[in-house]
């Protein structure tokens, strides 16, 4: 279900607004309409923040900070100018760090060994892609090393939570992690391998994955806030 079973009237309309915005945004990507991109891309994160504000009783400030950083990142990533991409990578770095901290706090992470094991394949794949990438300046290269590490941590964190303790909440977390890794892979390939000849499907696909990342993260957070957290603790005890 795309709506929460206990979602109120406002929440259902906000959900509909979000997915209509996603459709418009994907269409804008296909048509390469940069004006519509700059107008509607911020509405994705704004829509999720509105959904969270409506559904949550806690309204954690960190959620809004994370989504705001993602909003800024997406605006910078619209451009193909290298300097703007670099700034976007810096903001994205902060966004990823906060995501990891936020998720670890929500699942009450205490055992890091499963995370380290689960993140290894992701780290290997993205490190290899970076090593064979050419024409990246030194500053961007260093940032990408950290980005590869952080997305690997996210992949490992979400995968280990799902495997160690399967439940609905961790299912949302796993989907969030999977979509995050897929989105990062698509953007990486487009920006650094196919900058001038990326297939027209890459941008709309990245946009669709981005929307999925937003929504699944929102659903995960709401599930944690509305249910006991006992079932999602990772430990060996």
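A Cβ is built for glycine as well, from the same backbone N, Cα and C atoms used for every other residue.
Straight from TrEMBL, the features:
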- 12-32: transmembrane segment (TRANSMEM)
- 38-55: transmembrane segment (TRANSMEM)
- 62-78: transmembrane segment (TRANSMEM)
- 84-103: transmembrane segment (TRANSMEM)
- 115-134: transmembrane segment (TRANSMEM)
- 140-164: transmembrane segment (TRANSMEM)
- 171-189: transmembrane segment (TRANSMEM)
- 201-221: transmembrane segment (TRANSMEM)
Please give the sequence-distant neighbours of the transmembrane segment (140-164): residues at least 6 beyond its ends with Cβ less than 8 Å from one of its Cβ atoms. 82, 85-86, 89-90, 92-93, 96-97, 99-100, 103-104, 107, 109, 114-120, 122-123, 126-127, 130, 170-171, 173-174, 176-178, 180-181, 184, 232, 234
Answer yes if the transmembrane segment (38-55) and the transmembrane segment (201-221) have at least three CB pairs under 8 Å among residue pairs 6 or more apart in sequence, and no otherwise. yes
So which of 12-32, 62-78, 84-103, 171-189, 201-221 has the most C-beta pairs under 8 Å when paired with the transmembrane segment (115-134)? 171-189
Contact set, same chain, for the transmembrane segment (62-78): CB under 8 Å, 6 or more residues outside the stretch: 34, 37-38, 41-42, 44-46, 48-49, 52, 56, 84-85, 87-88, 91-92, 94-95, 98-99, 102, 187, 210, 214, 221
Looking only at residues six or more beyond either end of the transmembrane segment (171-189), which have a C-beta under 8 A from one in the stretch? 77, 103, 107, 122, 126, 129, 147, 151, 154-155, 157-159, 161-162, 198, 202, 205-206, 209-210, 212-213, 216-217, 219-220, 223
Using a Cβ cut-off of under 8 Å, list the residues of the same chain at least 6 residues beyond the transmembrane segment (201-221) that approach it. 4, 18-19, 22, 25-26, 29-30, 44-45, 48, 51-52, 56, 60, 63, 67, 70, 74, 99, 106, 169, 172-173, 175-176, 179-180, 182-183, 186-187, 189-190, 194
